[in-house]
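**Student:** A single structure is presented below for examination.
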Amino acid sequence: MSKVVYVSHDGTRRELDVADGVSLMQAAVSNGIYDIVGDCGGSASCATCHVYVNEAFTDKVPAANEREIGMLECVTAELKPNSRLCCQIIMTPELDGIVVDVPDRQW
């Protein structure tokens, strides 16, 4: 298990233990992180799991594929260089301690 910290737009921090192989979206939805919706169930087709990856981890997270990049263009919150869909971030030991900021809206 590795740690993930979700920081809500209001500054609330939730730390979760997440098993390797589980997406950050799955972990969030399963543990009541209500700011992350995940309507599509993890297929990168809805952009309701948009997060900002902490800069200390941007190089550790695999690059976004074309599908994810296309969906990121649809997000309603500000698009930043560290914007990602957390359904596409799969937990690995290298990501232990990752911090993601959740924007103020997913719609």
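The backbone N, Cα and C atoms fix where each Cβ goes, glycine too.
Features from Swiss-Prot:
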type: BINDING; residues: CYS40, CYS46, CYS49, CYS87; note: [2Fe-2S] cluster binding site
type: DOMAIN; residues: 2-106; note: domain '2Fe-2S ferredoxin-type'
**Student:** Under 8 Å between C-beta atoms and at least six apart in sequence, can you list the same-chain neighbours of CYS40 ([2Fe-2S] cluster binding site), or say none if there are none?
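**Tutor:** Looking at Cβ-Cβ distances below 8 Å from CYS40 ([2Fe-2S] cluster binding site), excluding near sequence neighbours, one finds CYS46, THR48, CYS87.
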**Student:** Could you tell me which three-state DSSP class CYS46 ([2Fe-2S] cluster binding site) falls into?
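**Tutor:** Its secondary structure by DSSP: coil.
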**Student:** I'd like to know which of the binding-site residues CYS46, CYS49, CYS87 has the most other Cβ atoms within 10 Å of its Cβ.
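**Tutor:** Most Cβ neighbours within 10 Å: CYS49.
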**Student:** Could you tell me the mean pLDDT the prediction assigns to the domain '2Fe-2S ferredoxin-type' (2-106)?
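**Tutor:** Taking every residue of the domain '2Fe-2S ferredoxin-type' (2-106) together, the mean pLDDT is 96.
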**Student:** Just give the helix, strand and coil counts over the domain '2Fe-2S ferredoxin-type' (2-106), going by DSSP.
**Tutor:** 20 helix, 25 strand, 60 coil
